[in-house]
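Reviewing the structure listed below.
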Amino acid sequence: MNTSEPLSNWAMQLTLQSLDLPPGQEYPVFVLGTLTYMTILLCNTLVFATIVFTKSLHKPMFLLLLNLPIMDMIGATAFLPQLVTSILTKNRSISYPGCLFQAFVIHFYGAGNFLFLTVMAYDRYVAICLPLRYMSIMNPKTLMRLIIAIWLAEILFYIVLFSLVARFRICRTHIVDIFCNNPAMQKLICDDTKFNNYFGLFFTGVIQGIPLVIVTYTYIQILLTCMMTKQADARGKALQTCGTHLECVPIPEESLCLQRKPHFCYHVPIFFFFNLPILRTYLLLKFLGYYYETTRNKSVRSYFQRPRIADFF
């Protein structure tokens, strides 16, 4: 095999799936997409700055929450600028390196959000169900190890995954999706990609199956613990905070599903891809507000401080 052949991929221009916008709708959709992107950056920067510059929020839950606005800004930047630019220029082409990078970042965003939400669910489980062990389990060293492990594991895995994709010479140039992702890029290859498929399916099972089991188990335990308390206000605030966290879980789950079912996007209006990140940003702000309100609520704090642990809230 000529060693220069794989390098020819990097000079190719790919074509993303057409958006099929009605005539005259390009400029309104461009403006909506631009405003969506700016809103996401503004709101997530606000969340990030609030946590960083408020010393009372320097607790395990908020340090985990700090990673979500970073992930959201990374994911939005990988998708929306390219999308709205292509709408304005009416040009759906993208370079092969650009497509590979976009796919890497979008997958990184979806999986990272899901993993951090899973760790946050575990944090709430320890705080509510095992309060006497909370400081020993969720200590600063453990917390930093969890955060660093998620970032490094994701980077390593997706480097391996997309290195497996990039080693093949592509024989097609049409991406069957409105954004680049691993399944869509696999369809550009005419060689046998069974190993890539098995590798991707295995990781999908790990990245979605295990966290779903953890989230389900932890919140069943949290629900049972909250139902046992006689203080209605404490129970309500705890359930409200945890419920807002659970509302955030389906968003990265939907992102992961969209990455693995590109044909689904044929039937999805373009506005869905603007509404999904806006909804996610709203829920993130809502969660921050509910949790911060709960930390200031004396009746809730008193319940978990007696005779358990003062640092739950």
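Using N, Cα and C of the backbone, Cβ positions are placed for all residues, glycine too.
Noted in TrEMBL for the protein shown:
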{"type": "TRANSMEM", "residues": "29-54", "note": "transmembrane segment"}
{"type": "DOMAIN", "residues": "43-241", "note": "domain 'G-protein coupled receptors family 1 profile'"}
{"type": "TRANSMEM", "residues": "61-80", "note": "transmembrane segment"}
{"type": "TRANSMEM", "residues": "100-122", "note": "transmembrane segment"}
{"type": "TRANSMEM", "residues": "143-166", "note": "transmembrane segment"}
{"type": "TRANSMEM", "residues": "198-220", "note": "transmembrane segment"}
{"type": "TRANSMEM", "residues": "270-292", "note": "transmembrane segment"}
For the transmembrane segment (143-166): best-contacting stretch of 29-54, 61-80, 100-122, 198-220, by Cβ pairs under 8 Å | 100-122
Among the ranges 61-80, 100-122, 198-220, the one whose Cβ pairs under 8 Å to the transmembrane segment (29-54) are most numerous | 61-80
Average pLDDT across the domain 'G-protein coupled receptors family 1 profile' (43-241)?
-> 86
